[in-house]
């Protein structure tokens, strides 16, 4: 070996060592060590040189890209031996659906590797970082990476936000038109029912904000917000319905602070039964006029029920007394129907003088 890059490291009867600096692909091959004895003895070893891939480059990106256009990004690296591996990432998330191509270089020892990422541009890709990563055993676990930041232009996205979900007459409302696009949309345009705003004194536009004061029923309608940029325009609508003012005042009818209805019914049977119904409705005399008052329909219903229960109780009591009296007379007359004379009737009748005390009935 006669090369300035080759140095003799150690030479003895037992060992001969050399070093090769600035290794190149031409250094790859079979090396032989010979011991000049009789006969000559030799030992051989094959040296493999790895080709380090060049730093990758991303091509095919032209800024800006319109939303919906097809993008083809190509990552390419040369000089790898064996062929390097290329992987794509978008915001640190690997993209699998890519094309891979390997070509042999002119020296027939190294390879040029390329990979193509093909996708449709979307507004969600704006600002995304696309990276191409090259892995190879010669890089000692430190891959080479090329990055490209995407710039996607798209039409505005418009949304209206209301400050009042239940607008009433006399109140005010603020409608905010949020528009997002690239390039940034121009100042928005507000219209009502397809025409200009009818009352500029109450309907004030400040940038993207529409303020309407002292609402009334004439303000009902469809409000449209339109935004545009060089890519296109977009709009959205908001239907405004002004509601009547909810009347929270109490009626002028004077309601007693305490209303009580009590009904007590007593019926004399074998045992006494008492039914009592009491309804009490109390209202705070210090309650403000704006607070909720008593429910008059509920009070009227309760009074009607009490009157009905009273009438039913009176009817039942009257019928019971009438039937009780008839039963008493029948009991006294039992045994007298078949008696030939009065003395026999008295003797045969139930409840004779002997058991008179035991058969007494009391009416309470």
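Every residue gets a Cβ built from N, Cα and C, even glycine.
Keep in mind the model is a prediction, meaning the values are calculated, not measured.
Per TrEMBL, the features are as follows:
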- 56-148: domain 'Ig-like' (DOMAIN)
- 156-241: domain 'Ig-like' (DOMAIN)
- 297-317: transmembrane segment (TRANSMEM)
Secondary structure tally of the domain 'Ig-like' (156-241) (DSSP, helix then strand then coil):
3 helix, 49 strand, 34 coil
Looking only at the domain 'Ig-like' (56-148), what is the model's average confidence as pLDDT?
94
